[in-house]
Amino acid sequence: MSARPDAVTAAMGTLFDEGWTRGPGGRGDEPAPKSFGRRGGGTRSYQHMARAAAGNRAVVVKLVRGGGCHDSRQLGNQLEYLTGKADRVFDSMGTYEQRGPLSGDEAREAALRWSAGWAGMTSAGQTAHLILSFPQDTDSRDVQAITARFCERFFEGQFDYIAATHSDRAHPHAHIVVNRRGEDGRLFTLRQGTEHSYETYKDALVELGQAHGVALEATSRLQRGILHRAPTDAEYRRGRTADRPRMGADLDYARGQIARHAESYSALAAHARGIEAIDHSRFTRGEIASYTRLSDLAQNLQRAAADLGAGRSLQSQNYGAIPMYQQERFTQALQRLDTVVAEAEDRIAAAAPGERPREEARLSDALSKLDALLPAEARDQELAGAPSEEGIYAKQNAAIAMEHVARVGEGRIRGAAEGSGISGDAIMARLREGAPNSALEQQWLLDDLRSVAAHHGFDLSKQGDLDRALEEVDRVHDRIGEDVGLDLTPAQREAIEEKTSRNIQDAIADMRRAGFDRAGVSSRSFDIEDQARAEAKAEVLGVARTAPVAPAEVSPQAQPPERAGGEATDQPMPTAAQAAAGDLAGEAKADSIAPARRDLDPLDTPASYYDRFVVTKQGDVQEFYRHYDDARAAIVDTGDTLSTKAADKATALDMVNLAAHRGWGSMKVTGPEDFRREMWIEGAAKGIKVEGYTPNARDLEESARRSDMERPRSLQRTDGPVPATADRGRDATRDLSRDPAGSSAPTTSGDRIDYSQGVRGTILAQGTRPYLDRPGAAESPYVRLQLPSGRSHDVWGVGVAKALTDQGVKTGDTVTLSSTRSEPVTIKTRDPVTNELVEKQGSRRAWEVQDIQRGTGTATGTTTGTTAGTGTIAATAAAAGVLIAAKSDLARLPAPTDAARAEAYREAVEERLTPDEIARLKQGDISGLEGVGSREDQLSVAREYLKAEGNSQPALKQVTEDWFDERAANAAQDRGVGHD
C-alpha cells in the first residue's frame, strides 16, 4: 500500500517528503533533533555581534601560512628574529619568563631542544606560527597578560611554545611559535570544530580580554558589514593593504549574508528590550533588588541593523561604548539559552522513557527562543508553527486526555499501546507535557514510529514496512483519541461519562442476578466498562448501535487461515453484561499436564515472572500486571486457564512460557487469529500440542526454527517452581534461597549464577529491552554485569533496576547483587462498581545491592545501602578518565589541560605521597616518586605537579631541565646515539 494513514499525516507534515533519509544500515534515519548544528553553541555568533554593536573592537587570530619550520636552523633564525624586538618573552617551560629579547645563542639553544624530539616529516613544518593582533592603543601590559593566559589555556601540558609580545606597530600583537609535536605524540593542527580552531581561539581572547578590562569582539568581516575580502598574506607583505573586491556570485553571496546579519541585529535589539522589560517587571514586584538597563544596547543594535541595511559597515568609533556590565547581562541571557539546550540534551539522553518528554519540552522551548533570533526566512517553521489539530500530543489535545485521566485513570490509554511497542510511560509523560509546536509533536511521533518498527521488526527504509509502521502508530493514536473523546465537545464528554457510570452499575446488577459473584464481576470489569462506554457514546451521539469488529474475530472455534478474515456484517450490539460474560480477547486452557508436573501447585510461577510483573492473588485467581499503575492485568491466571485482553505477541509468549513451566502437554486456544497463531508457534516449539489453530507452511518453519533455539536453553533451564509454602497467601515473603530458578536469564554450567549467594560484577549497561531479546517479547528493565571471569550476564526485572537507582549505582560501578526473598507491593486499580481507586496486594523479587565499588575505585564496605565516598581520588579519576589505585598509577595520568584538571592532578599526587615526600618534591627532590614508572615518568609527574601547585618556581625550573635532559638522553639512546 502507498497511501499514508490520515491520522498521522497532519502532524507529520512534509517530514517524509523532505527530511527522511535512507540510512547506511538499511533503516530509515529521521532528522536529528534541532540544535542549530552546534551543540550548546547556538548563540556564540550573536554574542559577538552584540559586542560589536556595543562598541567593542575586533581581535584577530592568524595562522601564518608557510610560517612553520622544518629544522633547527630555520627555527633558530625565526626565534631570533621574533624575540629580538620583543617586549616580553615567555615559554612553556618557564625558562624565559619575565625576560626581554633573547640573544641569538638562547634562540638557537631553544631550537635545538625542540628539534631533539622531532620525528618524521610534515609538509607544514615541525612548528606553527600564530599571530594575535589587538586593537590600537591596547595597553602592552594587557597584551602580555592576555597572551600568557591564552598560551596556558591552549598549549600548557600539550605543546611546547615560545611567545613574544610586540608593541612597535599601531596594533600591539603577539607571535606564538608552537612545537607541533605534542608530549603525547599528537600533532598540533588548527581545525574547525575542535579545541584548536579560529572560533575557539577568538572566543577565548574575548573572554580573557573581558577579565583584564579590554573590550574585544570576534565577529566576521561580513557580520561587520565589510563586503570585500582582506588582502592575502603575500599581498600584505608586499605592502598592498587594500581589500580584494568580490565579483559575480561571490559578491551576491556576501550581500545576501550581510542582509541576513542586518535582520539578526534587529532581532537582537528586540531581544534586549524584552530582557529589560522582564527584569523591570521582576524589580517592580520586588523579586530582584536591581536590574540592568539595556535600552542603550538595544539602540546600538538597531543602529547596526540600519547601517548594514544601508550598505555601511560597523565602525566601533561611531558607536557609543556600552558599559561592560550591560554587555554581560545580555550575553549571560544568551548563554543561558545555550546552557538550557546543552543540559536538556544531556538529560534527554540519560532519562528513562517516562521522564524524557519533560526534558524534550524544555529543549523545544529553548530552541524556539534561539530560533526567534534568526532572520525570518531562516527560521525553523516547525519550531514556530502550531501543532496539528488532530494529534494526541498537541498541547490542546493532551490537556483533554489528562482530564480523562483525572476522571478514570491511565488504564485505557496504556491499554491502547499494549503490544504495539510504544511505551505507555512515554505516552503518559508526553500527554502530561503537551507539544506546544509542530517540531516537538513530530519528534514524539517519530519516537513512536521507531518503537513500533523495533518491536515488529519493520525496516523503515522499505515503503511497505514504513506504511505498516505508520498504520500501527495511527491505530494506537486513534484508539487513544477515541477513548479520551478528542472528537467530542466538552458537553458530550461529560454526558458520556455520566451515562457510562450508570451503564456499568446496571450491567453489574444484571450479572449479579445472573449468578456472578464479586470475583466473577471483577475479572470482567474491563469488558463491562468497554461495552458500557460504547452504549453511552451511541446514546449521546445518536449513532447506530452495532457490534464492534474486534469481538467478531474472537471465536472459540479454530478457523483455518485461508478462511479467516471474511466480511463483517452489522449485528445487534450485545449489552454490557452479555459482553462481559463472554470470552476474553485471548485464552489458553490446559487439556493435559505432564505426569511429572501434576503434583505442582496449579498456580506455580517461575521466579523470573516476579521480576517482570507485579503479581496479585485473590482466592484461586492470580493476575500479572506489567506496571504498578496498570488498571488492567496483562494475564489472568486460574491455574488451568490463562486469559488476556491484550492478545498481543509479547503476552502470548509469556502465557506459553507459563504453560510450559507448569508442564502443560496440550492446550486449547481461542482469540484473534494472530494471537492463536503465536500461541501455536511458540507452544509447538516448546513441545506443547495446541488446538484452535491450523498452521500453514510458514508457521511450521517458524516453529521449527524456534524449537532449535529452545534446545540449548532447555538444558540450562532457569525457570523453576516457586517453593511451596504452607500458606500460599504468604507468598509475598517466600524464601527464594532454595529456588533453582533464581536466575532470570540463561546461564552456562561452567559459571552458574545463584542469586541467593550473590553475583558480583561491573555494570556495563542499564535500561530496557525485550525480555531475553526475544522478538515480540515485552520490554523489561535489565542490568548487564561483567563477571570476574570476563563473561557478561544480564539480570532482569523492575526490582533490580530500582535497587540500583536507590543506591545511586551507575554504569562503571562494581556491585554484588543478591536476592533471597520477594517483597510485597501495592498497586492501585479502579473498582468496577464504584469507579474508585482500590488497592491490591502483589509481590516481586526483592534485591539487595552490596559491596559497592564506584568506578573511581572507592569501595564502600559490605553493608547494604552504603554510598560511595567522594574523595579527591574520585575527582581525579573523573577528571583524568583513569583509575588511580596506587602511587605507581600516577604515571598513567595525562598532563592536565585546564585549571580544573590541574587541580585534580595536584590532589592525586598529594593523596599518594606522604607530607614529607610532598615537601621534598617542592624542593625539587623526586625521590618520593620512586616506583612511578621510569625516571622520565617521575620527572614528568613532578613537573606537572609543580606547575599545578604554582608556588615552587625554582624547583619547577630544576625539574623541567632534568626532565628535558632525561627525555633527550632516552631519545638519543633509542636512535643509537650517545648523549653527554
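Positions of Cβ are set from backbone N, Cα and C atoms, glycine also.
Summarising the annotation, TrEMBL assigns compositional bias 'Low complexity' to 576-585.
According to TrEMBL, the compositional bias 'Basic and acidic residues' annotation covers 586-601 (among others). Residue counts for the compositional bias 'Basic and acidic residues' (586-601) under DSSP, split into helix (H, G, I), strand (E, B) and coil, are 3 helix, 8 strand, 5 coil.
Among the features that TrEMBL reports, compositional bias 'Basic and acidic residues' is placed at 698-713 (among others).
What TrEMBL records for 727-738 (among others) is compositional bias 'Basic and acidic residues'.
Residues or ranges marked as domain 'MobA/VirD2-like nuclease' in TrEMBL: 124-213.
DSSP labels the residues of the domain 'Large polyvalent protein-associated' (614-705) in these numbers: 35 helix, 27 strand, 30 coil. Positions annotated as domain 'Large polyvalent protein-associated' by TrEMBL: 614-705.
Annotation comment: TrEMBL describes 13-44 (among others) as region 'Disordered'.
TrEMBL lists 549-601 (among others) with the feature region 'Disordered'.
Under the heading region 'Disordered', TrEMBL lists 692-759 (among others).
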Practice prompt. Can you check how the pLDDT averages out over the domain 'MobA/VirD2-like nuclease' (124-213)?
Written response: 88
Response to the item:
Across the domain 'MobA/VirD2-like nuclease' (124-213), DSSP yields 29 helix, 22 strand, 39 coil
